[in-house]
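**Student:** Take a look at this one; I'll ask things after.
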């Protein structure tokens, strides 16, 4: 036994007692390393993402070896996916994929590491300040993507005339934001995106919302749990035009207005004022944003504009798609990304406990902004974090255990080869098999069988095997029988 | 029409003609941005990963607007996955997952961004020099993971006593290496890993190789295409012990020897000499590495050591698992990672055209090196690049087209809502539907139906719809009939 020095690296004050452990060196000391990496004991749960080590300092243990403190937690704000976490992630992603498939969308992906310039826009978005960017060894400015849409635009432009419009694409990708860590906010999340490239009509937005509704229904979420607030940026645009505000200010004004529920209204007014908009216009603008019905909006804007026409068409299509009860008009919705130009929407929980569940809209000017053709586009992003919170709250999280059909075990050490043959035979027939790789007591095997939810236990014993047979125990019923290996299905 | 200035950013000399384009500003000039991002025309194919822009400089176009050059290619050494690429990736990954499932392994994942310290080992591995590392905004040294095994070790230590051994885990994750770009080598690839934690016996390695063989068979690769070279690092270890070489040099010696086919033999000898090993020992070592049969190895090492015993057991188990013809002993295989301690293996193409297809082995000392308990472990990594090269060479790449069951189209603009109802009905029955979102001529619809391999075309016309019916055309046979929407399956 050799004592190992356990050093804590937590900088936060929430230190908990750390369990000291000893590493037993039962195996020969052949590989005693000159430098030993040590870790802090995993006293806290991993998903909190608490991790204090900034630089791993070198110290020496009692034997004079170099000891490097490393942390067993993933870097701050990131997650491990242990098997139980991964089962939930796969369950969620499979629903994303299955819905996208039902709607005839094709899956795509882009590099998680992109050129920084792709994400730099001047409208003052939150997303820019949170860019996970750095200079690589080749002195290139790169960034871990904070969202997928710019990469999509880049790929569409690159494909050019080689693809036929409309494109209907979906992606599930990890996105990164270097945020101050608060409860439940991490620095990475996965985002499901669906996008339609090349359709100028509101039918596109209507179908996108239909796909999200389909997703909600599949996982047990109803219209009384969740709704969509819908508006159009053309409302703001028509207001700005009315007051002679330069069109170049449009993106910036949208970003300011998106913060309306996060910062005090006086602050909003001040920020809007600093763009040069008159006080009168600001008051009118804020007035319009509080409108919650299309009729009232029509009273303000008049019936002629595109904003009203688009929204009316969307609500009419919602009825045909069958999700009227899910959506409502709300002029205050503008979304926080600079590139939206038309319909915008966000999914919210009706109890009001959570951040937006998903959001999207039309971004007809993004492709030309990058130098591409003037192709209309719209899409949405749907994160993997808030929805899980909602499912927890509604008690709708699925119970997902490991599922292996067979556990195969040799009853004697020299039958391990025979057990391997049995496992191979079953696997070749498409049966899943956990093969016990060591000599273990039967009690241990039954315990493992229960843990992995095995349906059958296949025991390979001497007398049966001489006859080419194995013992099968059906674990749910206790039924037991012998069968020739070749007859085992 | 407004002229847009196209600027090339390629630094390489392989400039090709660049297509000048004009952006038609047919939509109102409401969103003319103060800063316009421009991109180089996508004159070369994306997957070459050629990208020359280092910093996106700002220039002004004729109208005095700021113009930012951006590149439509993904960053150097990275890939986009357009739908056709993604279909191949999914096909490959699904085989990885299905095989892992057959063997009863649980899926896991870790952050693509890890603490740099996790990957720093002192043995002089190639992988360390190629670390994609940087300092984040919080001054932490982080790295895009170059491999998955250190994260696995971290998570196992973190889980501690809460998990029951053995663990059988698999993962498919993106890994990054900042390498000099040569033909066919990129800076990222996906890697399929399977690992067994907690089994000291060679049964574990034998099962891992069995799973790779199962994968090869599924995708049409045979034992005459591919083989496994197998050895044990205990061979080297026993040789070093014989010549009194300090055990602390073990990892370093393995890394040097792994380069034996890449650099001249004199260079290898020089490097080995610089560790302090005697010339005589070096000669003997190199002699042993050329041994290609277990019997010859036994002549050199004697029959008593663990190396021989392990290898004999592995070859015996290979027979029971049913893959004898796939494996052969080859003492020169040591693998390039410092942490292997026992059996090592690599998959190779028998024509010898390609780099190693996969590789793995036993790493019993990795967990204690990180401060964890002394738990035995082994695993393999299988990349997504070389296998695709091999499949191409063997003409085994699958033909994967888009597959949508129905294409639904309104015959008049004011029936688009009705078409939406038809699409929703079919989707609720589990049918995949591409809904035509615009008014398009029938010729266009047939062309699209062919491109997406639709099985049926559902037309929504005025007279039929008044009756609650639609026209169905089975595209393979040309058969056409009318059916009530509710009866449509």
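Residue numbers in this text run from 1 along the chain shown.
A Cβ is built for glycine as well, from the same backbone N, Cα and C atoms used for every other residue.
Pulled these features from TrEMBL for this protein:
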- B:77-398: domain 'Aminoacyl-transfer RNA synthetases class-II family profile' (DOMAIN)
- B:147, B:148, B:149, B:177, B:191, B:195, B:335, B:339, B:340: L-histidine binding site (BINDING)
**Student:** What are the non-local neighbours of residue B:149 (L-histidine binding site), defined as same-chain residues 6+ apart in sequence with CB under 8 A from its CB?
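**Tutor:** Once residues fewer than 6 apart are set aside, residue B:149 (L-histidine binding site) is near B:193, B:195, B:337, B:339, B:363, B:366, B:379, B:381.
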**Student:** Let me know the largest Cα to Cα distance in Å among the L-histidine-binding residues B:147, B:148, B:149, B:177, B:191, B:195, B:335, B:339, B:340, as an integer.
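**Tutor:** Looking at B:147, B:148, B:149, B:177, B:191, B:195, B:335, B:339, B:340 as a set, their Cα atoms extend up to 22 Å apart.
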**Student:** Can you tell me whether DSSP puts residue B:191 (L-histidine binding site) in helix, strand or coil?
**Tutor:** strand
**Student:** Just to confirm my parser: what is the rounded mean pLDDT across the domain 'Aminoacyl-transfer RNA synthetases class-II family profile' (B:77-398)?
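**Tutor:** For the domain 'Aminoacyl-transfer RNA synthetases class-II family profile' (B:77-398), the model's average pLDDT rounds to 93.
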**Student:** Fewest other Cβ atoms within 10 Å: which of the binding-site residues B:147, B:191, B:335 wins that one? Let me know.
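**Tutor:** Sparsest of the binding-site residues B:147, B:191, B:335 by Cβ contacts within 10 Å: B:147.
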**Student:** List the same-chain residues at least 6 positions away in sequence whose Cβ sits under 8 Å from the Cβ of residue B:340 (L-histidine binding site), in sequence order, or say none.
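**Tutor:** Result: B:233, B:254, B:334, B:361, B:362, B:363.
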**Student:** Does DSSP give residue B:147 (L-histidine binding site) helix, strand or coil?
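**Tutor:** Coil, per DSSP.
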